[in-house]
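Visitor: Straight out of TrEMBL:
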| type | residues | note |
| --- | --- | --- |
| TRANSMEM | 43-62 | transmembrane segment |
| TRANSMEM | 68-87 | transmembrane segment |
| TRANSMEM | 99-118 | transmembrane segment |
| TRANSMEM | 138-163 | transmembrane segment |
| TRANSMEM | 175-195 | transmembrane segment |
| TRANSMEM | 215-240 | transmembrane segment |
| TRANSMEM | 294-312 | transmembrane segment |
| TRANSMEM | 342-363 | transmembrane segment |
| TRANSMEM | 375-397 | transmembrane segment |
| TRANSMEM | 542-562 | transmembrane segment |
| TRANSMEM | 574-594 | transmembrane segment |
| TRANSMEM | 606-630 | transmembrane segment |
Amino acid sequence: MTFHFIFADKEEQRTKKTKNSPSCLGYPVSIFFIVVNEFCERFSYYGMKAVLVLYFKYFIGWDNDLSTTIYHTFVALCYLTPILGAIIADSWLGKFKTIVYLSIVYTIGQVIMAISAIHDITDTNRDGTPDNMTFHTAMSMLGLMLIALGTGGIKPCVAAFGGDQFEEHQEKQRSTFFSIFYLSINAGSLLSTLITPILRAQECGIYSKQSCFPLAFGVPAALMVVALIVFIAGHSMYIMESPKGNILLRVMKCIGFAIKNRFNHRSKQHPKREHWMDWAEEKYDKLLIAQVKMVLKVLFLYIPLPMFWALFDQQGSRWTLQATTMDGNFGAFIIQPDQMQIVNPILIVIMVPIMDSAVYPLIKKCHINFTPLRRMTVGMLLAALAFVAAALLQIQIDQTMPNFPSSSQIQVKFLNLENTSVPVEVEGQEPFAVPGFDVSSNNDTSNLNIFSKSWKTIIKRKVTNGCLLNDGHFWHYKQLGKANFTIVNEEGQTCHYILQLGFGSSYTVLIPSTFSFGESVSHNIKAIQDIEPNGIHMAWQVIQYFLMTCGEVVFSVTGLDFSYAQAPSNMKSVLQAGWLLTVAVGNIIVLIVAEAGSLPDQWAEYVLFASLLVAVSIIFAVMAYFYTYMDPMEIEAKFMELDPEEKKRKELGMTTKDNLARFGRFIEFDMVKTSVKVAMCHSHLRWCYCRWDLFMSI
């Protein structure tokens, strides 16, 4: 009797809350808090992620390979933690508390990332370079781990929580909500990928001006604070469901028991069973076992899929680094290297309706059986073709790049500020002469074969008239465009010098010993171009982005549809967890290749990835050829052909004992009925969110 009253009280509270929940235009007001929260969270994630690899390279000082490795390690963690988040929400805290607690962790991580990018914290000598890089590295790694836990943990919860706010008769409103929810994901991604690179390109600092990574990370951190506040603000309006148990854990336990039972009965005296999962029949019902078999059949097809994500997610790492060696000047506007990633979501918005309304119907009219698995194979081949395009582009870029010293060389630059040539002799090298300042060529460079790598400038003669650059540095990095330098002397006289810079260019500005202040003082200053501006335009990257986006639309969207159609009714979320796992494994593949690979040229690595994906595509095509499409509802129906009472109990997942009183059976029947409906709804909604989130990129 006690159980009955507790149950009735919960149902009464839920009904009362539903009735009193305010609405606007037929929609629960609570969903507007959820949509705003999602927009801010996606802005925060994609904004931080857009500039992350450049932060590693230019602030921390890592090389391309290590920057790529850490970047993909972070992305892999972001796709491993959703499984943890789903288990916590469904089995312990519930969706609301899971979102709030992990959002707090998420926000702390973003704030730590912003703090880690402030170079003035450890710049004690105020030279623009942090003196304790270990502190900045440790802070950034801590921030990224917290962000991965937060964004991954809330990923399977937010959309499902939004779906909980609707009643059963609000199917139309729920469908519209998911459209708006998807729009908020797109809007957050597009705006953040556009804005944060612009913020990074600014110069900021207390003692010295550097690329403004603190602002580029700080704005996403602020948006995450807003997301958390907005979500909590709607607390009183939410309909909250208590945890009902996680189907993923039940599936894992069923598989584990089957393996254990099979191992315990491995001797020949025990008769073989049709499928190894049949060894779970001693503990689990046949319906659950049949559903697990269907899931495992689809998961087997997932084995080759990580290779696609290994290529796809390099848009934010290798392709962004490639863009740093290209010219982003489009005349009317300038594109930063990390802004090129915005091409992908823009093309997605364009390509999805084209594929659905034009390409697929045209293929159907041509009587071509373009099955989902064949579409996925084509998508993988398109991604491989995108990397072939990237390799061809990289070959062209390499031809315009300067000849940098190898790992066993250093580069020494001799500057002669006298008017006559100066002979130089270096041990083990041929003698050469460094031309004087008035000669057309004012410098000479030589690669010396030693066992360390550095860049060193040797000045033949110091400037003796007391002129210094206003920031006191011989080396100064400026953004693209006009660089304005101010030269001052001890008496306060000034000279303004303007130098036009191009993408990737490097200049040495020489101030001669005869320098004197006057009207035409800037004519005495000479800029020597050490490295020419990037000669290949960023617009060429659009080709590879187009091919990759076409591959994503054909592969990702179709794959999720296929997974959903082939999954049992109550195990949609299990397959989505498997799908997210393939993304994580794909990123792990990239970091392994980046660290273990010893290819000397970047184009060769692109070709390697393309070749691996082609090989995997062939394997996948063979697997798809032998795959038999299933009808989960038909298979499930075979195991539900029991007596009426038992059939009803199986459908609702009841576990009552036979000696329960009639009244007790009615109460438990009513409770489980509600629980199953919610669980199925949650499973479906979680799939919707994963689909849209992956569809963006993510």
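A Cβ is built for glycine as well, from the same backbone N, Cα and C atoms used for every other residue.
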Visitor: For the transmembrane segment (99-118), I need the partner stretch with the highest count of C-beta pairs below 8 angstroms, choosing only from 43-62, 138-163, 215-240, 542-562, 606-630.
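Guide: By Cβ pairs under 8 Å, 138-163 leads among 43-62, 138-163, 215-240, 542-562, 606-630.
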Visitor: For the transmembrane segment (215-240), I need the partner stretch with the highest count of C-beta pairs below 8 angstroms, choosing only from 43-62, 175-195, 606-630.
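Guide: The stretch with the most contacts is 43-62.
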Visitor: Does the transmembrane segment (606-630) reach the transmembrane segment (175-195), going by 3 or more CB pairs under 8 Å (6 or more apart in sequence)?
Guide: no
Visitor: Below 8 angstroms Cβ to Cβ, which residues of this chain, lying six or more residues outside the transmembrane segment (375-397), approach it?
Guide: 307-308, 311-312, 318-319, 322, 325-326, 534, 536, 540-541, 543-548, 550-556, 558-559, 562, 601-604, 606-607, 609-611, 613-614, 616-617, 620-621, 624
Visitor: Relative to the transmembrane segment (294-312), which of 175-195, 542-562, 574-594 accounts for the most Cβ pairs at distances under 8 Å?
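Guide: Going through each listed stretch, the top one turns out to be 574-594.
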Visitor: Take the transmembrane segment (574-594) and find every residue of the same chain, 6 or more past its ends, with a Cβ under 8 Å from one of its Cβ atoms.
Guide: 65-66, 68-70, 72-73, 75-80, 82-83, 86, 155-156, 247-248, 251, 295, 298-299, 302, 305-314, 317, 559-560, 563-564, 566-567, 605, 608-609, 686-687, 690-691, 694
